[in-house]
Amino acid sequence: MAKAKFERTKPHCNIGTIGHVDHGKTSLTAAITKVLAETGGATFTAYDQIDKAPEEKARGITISTAHVEYETTNRHYAHVDCPGHADYVKNMITGAAQMDGGILVVSAADGPMPQTREHILLARQVGVPALVVFLNKCDMVDDPELLELVEMEVRELLSKYDFPGDDIPIIKGSALAALENSDQKLGHDAILELMKAVDAYIPQPERPIDQPFLMPVEDVFSISGRGTVVTGRVERGIVKVGEEIEIVGIRDTQKTTCTGVEMFRKLLDQGQAGDNIGCLLRGTKREDVERGQVLCKPGSVKPHTKFKAEAYILTKEEGGRHTPFFTNYRPQFYFRTTDVTGVVHLPEGTEMVMPGDNIAMEVHLIVPIAMEEKLRFAIREGGRTVGAGVVASIIE
């Protein structure tokens, strides 16, 4: 079946829902599509559909972040809904990395919870530029003073992680009320107010479209009769159908050709920075590509294993380590979409690193990763984030 061409008329923005498990992230995502569907800006997507991430299910491989698209009068949005459980933190990291802005969902009945804090920290870590808060389940709280208290708590928490807590819009409402049409003000109207805040407060991202093409590989599919499709979000630049590209990282660099680009099941003649695309690769086998590699313009990025980094090690209270670590510490380094084991070498005169420290360190990875200065990473142990860092300089 021929696919419809994807029209680019409005500016595009990637956002997503973050927050504690069961605070209503997926319900809110469904509610946004329901309310915007009234004006033709979306197709209503029910909770259980989002929960199942339908577009990936069709290919027999599931991606744990669900994508929906919708538009307001000002913008076109691609919205990711990240699962809330702590063991999905890996996807939270890739999900949050896919955001020009985030909607932090906090239950008014519970207030901020451990994952609220963790997701704000992760948003800060992966460089989400702006957050808007939806105080959900307000229909369950009768006391206006209690609502104010929760709002204050949320603002304090945001400020603690270097978001402008005093300025961030906080919209009070109920996703369920919007889905069930039970309370116009807390439901329908609050959702419209939220979208207004998202339009106004989340800055239109400047797309690094003029830089050389780079796309981190998130998933790889084999589509019968068409070949291998690699999905991910284009980090920068443009890939045109027919262009030669390189697959860099983890293994030896390979050359291939992009023979097709699709977005939301529609064909494009090119994919550009900010787009979530599937890229069809000529002559590349499913097993030749894996999550953690990047597709890029030939020669633009090299794989490296040794670099100097500036890192922040989380405190115990932030969910980090309880004990110090020493030279030859071997955690995982989470680059873009994957964990790679590496060995830490501390600078002369630094005996050990305590939770809460900032540290300049040298890292030797066991496999090469496509990297450049300013690339961010998380430091993890057994699936738990224990630090955040940035590549300061490359050694080799």
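Each residue, glycine too, has its Cβ placed from N, Cα and C.
For 10-206, the entry in Swiss-Prot reads domain 'tr-type G'.
Look at Swiss-Prot and you will find 19-26 tagged as region 'G1'.
Per Swiss-Prot, the feature GTP binding site maps to 19-26, 81-85, 136-139; the stated evidence is sequence analysis.
Taken from Swiss-Prot, the feature Mg(2+) binding site applies to T26, supported by sequence analysis. In the three-state DSSP classification, T26 (Mg(2+) binding site) falls within a helix.
Look at Swiss-Prot and you will find 60-64 tagged as region 'G2', backed by similarity to another entry.
The annotation region 'G3' is assigned in Swiss-Prot to 81-84 on the grounds of similarity to another entry.
The residues of the region 'G4' (136-139), classed with DSSP into helix (H, G, I), strand (E, B) and coil, number 2 helix, 1 strand, 1 coil. According to Swiss-Prot, the feature region 'G4' maps to 136-139, an assignment based on similarity to another entry.
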Completion exercise
Out of G19, K25, C138, the listed binding-site residues, fewest other Cβ atoms within 10 Å surround the Cβ of C138
Practice task
Would you kindly list the residues that approach the region 'G4' (136-139) from elsewhere in its chain, counting only those six or more residues past its ends and only Cβ-Cβ distances under 8 Å?
Solution key: 23-24, 27-28, 105-109, 147, 172-177, 182-183, 186, 190
Practice task
Write down the Cα-Cα distance for G19 (GTP binding site) and T26 (Mg(2+) binding site), rounded and given in Å.
Solution key: 10
